[in-house]
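Swiss-Prot annotations:
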type	residues	note
BINDING	Arg55, Thr56, Arg106, His135, Gln138, Leu268, Pro269	carbamoyl phosphate binding site
BINDING	Lys85, Arg168, Arg230	L-aspartate binding site
Amino acid sequence: MANSLFQKHIISIPELNRSELELIVETAGILKAEPNPELLKNKVVASCFFEPSTRTRLSFETAVQRLGGTVIGFDNGGNTSLAKKGETLADSVQVISSYVDAFVMRHPQEGAARLASEFSNGVPIINGGDGANQHPTQTLLDLFSIFETQGRLDNLNVAFVGDLKYGRTVHSLTQALSKFNNINFFFVAPEILAMPDYICEELDEAGINYSLHASMEEVIPELDVLYMTRVQKERFDESEYAHMKAAYILTADMLAEARDNMKILHPLPRIDEITVDVDKTKHAYYFQQAENGVYAREALLALVLNEQL
């Protein structure tokens, strides 16, 4: 099948339309069920992480190898000769892109992936995270996990809990789900970490339902998806953090009234916002979600590097 993602830069979720998101999710399901080690044969993919990463880097590199491709790159850009010699990002991208067929990049600077796309000589840039801005491939694996567990991406009740102000994963997933029909959002956070105004304004303009809550227990019975995030300790003094943390810890007892189909997602790492007794419940899906990062990234790479599948 032909696809509009061929040779496309993957910089942010708003630049992907519904049909493209559905194509990635569908392809991820196919590749999870039927691995294809020929899709990236003779392809070289750069995996360039200018700040440390575990899940994103390893799942991308696993995806490339499972599809028959070759990976080059680095995991800590600050220790590379290009950083120590003061080479600009633009120059680094121009050089590295001349070696490869696709360029996966994480960078602490917001907007770095878009800048890279201007200097890559047409080689597709895939944003593995640029500061607090965007993390589109996390959103793709989140969508795949939701579809896998719910059988749909329309008609969902979805709650986001914790740090909704600084969490790039919740911003991107909200924007992605907004492209589907009849989505109801529940934003559960302390006022100081509430969903940014620009996200709420986008939802208002699109006529999408959302509500604000201080407690997750009041919304759990209504949910199909509960998306947990950690409250970041560095945002508070010790006493404030202790109070905030206690208000947003999910325990197994709190799931007594949850729908049978409700699944709990988390971008990881988990600190203490989900207690370990939740792991054995039928609702926990965050470790399977992390595994799905391989299949979602396989799908994306296959579509970006193959005009037809």
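Heads up, the Cβ atoms here are built off N, Cα and C, so glycines get one too.
Keep in mind that this is a model prediction, so the values were computed, not measured.
Known features from Swiss-Prot, placed on the structure.
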residue: Arg55; record: carbamoyl phosphate binding site; CB count, 10 Å: 16
residue: Thr56; record: carbamoyl phosphate binding site; CB count, 10 Å: 21
residue: Arg106; record: carbamoyl phosphate binding site; CB count, 10 Å: 25
residue: His135; record: carbamoyl phosphate binding site; CB count, 10 Å: 25
residue: Gln138; record: carbamoyl phosphate binding site; CB count, 10 Å: 24
residue: Arg168; record: L-aspartate binding site; CB count, 10 Å: 19
residue: Arg230; record: L-aspartate binding site; CB count, 10 Å: 20
residue: Leu268; record: carbamoyl phosphate binding site; CB count, 10 Å: 19
residue: Pro269; record: carbamoyl phosphate binding site; CB count, 10 Å: 9
(message) Of the residues named as carbamoyl phosphate binders, Arg55, Thr56, Arg106, His135, Gln138, Leu268, Pro269, how far apart in Å are the Cα atoms of the most distant pair?
(response) 17
(request) Starting from the carbamoyl phosphate site formed by Arg55, Thr56, Arg106, His135, Gln138, Leu268, Pro269, give every other residue of that chain whose CB sits within 8 Å of the mean position of their CB atoms, in sequence order. (result) Ser53, Thr54, Gly129, Thr169, Pro267, Gly293
(message) Here's one to test understanding: among the binding-site residues Arg55, Thr56, His135, Leu268, whose C-alpha is closest in space to the C-alpha of Arg168 (L-aspartate binding site)?
(response) His135
(message) If I take the alpha carbons of Pro269 (carbamoyl phosphate binding site) and Arg230 (L-aspartate binding site), what is the distance between them in whole Å?
(response) 8
(request) List the Cα distance (Å, whole number) between Leu268 (carbamoyl phosphate binding site) and Arg230 (L-aspartate binding site). (result) 9
